[in-house]
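One structure is given here, and the rest of the page talks about it.
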């Protein structure tokens, strides 16, 4: 834009206008622009004969000005030197520092950097950023009319995004890719966004092409503009839900308002930032940027005064008046240490984000702290009480203890995920009907008491669905569009992933795979039916058959014993089969065949690309299941792979994945 008009509006006389920008927006055009300025500036400076030349910032046109003034023995006062950002701007800024005679810096670290660059401490003023003088007095003005003018009448304060991204001249190709991913993430995030065109640095033409290829200028959620007057821009960023991009404005000025900022790439990599700035150093897909948007959007941080307290201009005026125009221009030198800068980083946050996972089994109640990478940081186990009152109190107690421990372990808990047996309404967080293994567990609202106690969001689903979610995030289903998980444990359950999403069904009864009927005349099932897979292949079914054999003295073989105080279990049946008990082997073969027929039905109905057998019995059934598929399945599905899960705790990991996936995506 023609920003010189802002100078005229402030009643300043412009003595000379120089047109020095060579069109082209590439590296050569930047060099030619500097060269053209160097050709034109000597005549202007000879005519004006300034006592002091004030040079601001780190732009290439400022470098031309500082070079000309230094060679013509004109004193230079450089504003905003000593800062560290990234790209060619660093080199230009520091080059101007070496040419300048006096320095006005914005932060204590910048002051230390100037000193370590051999600049004379007596010629350095720590004033703060001049723009903060205006920023800190601007927020209370009428702003809604400005928001409506630039973003539309239906936009509310804190419910829109300001995006400002420039090319990185030292890595143009990568910066264009980052810009493309940013636009993809903003489109997915689906919030009204004001996008400012990039500056004229090399690579800007390509960035504009990306905007137009994605239809940003015509997209209903976007407003694309080339320039916003500074006074109005202040109001827009002050009341935005978030600012995203790689402009120095985001990491410097916006901190005055506590507006959340996402700083992308390396352009501002060394800048001092307040806690409102979240860095995304690099990204291969839009996902990391999208996660950052979900983490930042709508937050309100404390106002930062790293870059100033609103009194920079009076300090600078006093400093200017103190300069002795008769003193020599020769510099002095000194070498102090550099103060290290610390800031937030998205990769560090993703490593420490964690979930509380709860697994309600028929015997045990388990709570675990699970990291974003699927690591179980700490696990707690108690016997599952028999009554509702005791059970809910124990869950609350264990979760409170785990949340307190998470703080000590430097884990940021995002929410609670609960895996439980029975039919669950995940939208309401309610257990509708439980299995017979968990008593007093029908029509139970799990979400409310935990959310009220822990002040965290809570997700609930049944154990079969959680096993599928665990495989999708951490296991062999990762990256697959369609697969099925079957749990073989005390009961038989499962989960179906279709087009990357979990299928719940119209009444939350989808994937009750244990109750697929494989025989009309089969044994009774706990559901009230007959011939279900669970009636043949579950741990309860194997225990039932083991007891029958034991009662008939047909279970134990040489090398086996069952103590009198120990109940006969499925484990004894499996042990007997391994030791050569023919009847036990026959029972396991029948159970595996029933499970195999169920898998064949699944292959014919859903046609997944993978079937994952999970649970303690999976390894005992896998070969029988594959044999049944070879004999019974249609040829078109016989190539579908059936594997044993390699996850040790699918219920806990699945419960955690509900939190880790959905909190970072803000899906409730």
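Every residue, even glycine, has its Cβ placed from backbone N, Cα and C.
Because TrEMBL annotations are produced automatically, they should be read as predictions rather than curated entries.
Now, the feature entries from TrEMBL:
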- 7-321: domain 'UDP-N-acetylglucosamine 2-epimerase' (DOMAIN)
- 423, 435, 463, 512, 515, 534: N-acyl-D-mannosamine binding site (BINDING)
- 463: active site (ACT_SITE)
- 515, 525, 527, 532: Zn(2+) binding site (BINDING)
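Annotated features taken from TrEMBL, shown on the structure.
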{"residue": "423", "record": "N-acyl-D-mannosamine binding site", "Cβ contacts under 8 Å, 6 or more apart": "431, 432, 433, 462, 508, 509, 512"}
{"residue": "435", "record": "N-acyl-D-mannosamine binding site", "Cβ contacts under 8 Å, 6 or more apart": "362, 421, 422, 491, 526"}
{"residue": "463", "record": "N-acyl-D-mannosamine binding site", "Cβ contacts under 8 Å, 6 or more apart": "359, 361, 419, 420, 421, 487, 493, 651, 654"}
{"residue": "515", "record": "N-acyl-D-mannosamine binding site", "Cβ contacts under 8 Å, 6 or more apart": "525, 527, 529, 532, 533, 534"}
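In this record, N-acyl-D-mannosamine is bound by 423, 435, 463, 512, 515, 534; the longest C-alpha to C-alpha distance in that set is 16 Å. Counting other C-beta atoms within 10 Å of each candidate's C-beta, the binding-site residues 525, 527, 532 are led by 532. Cβ proximity to the N-acyl-D-mannosamine site centre (mean Cβ of 423, 435, 463, 512, 515, 534, cutoff 8 Å) flags the following additional same-chain residues: 421, 422, 462, 464, 491, 492, 493, 514, 527. Of all the binding-site residues listed (512, 534), 534 sits in the most crowded Cβ setting, with the most other Cβ atoms within 10 Å. In the predicted structure, the domain 'UDP-N-acetylglucosamine 2-epimerase' (7-321) carries a mean pLDDT of 88.
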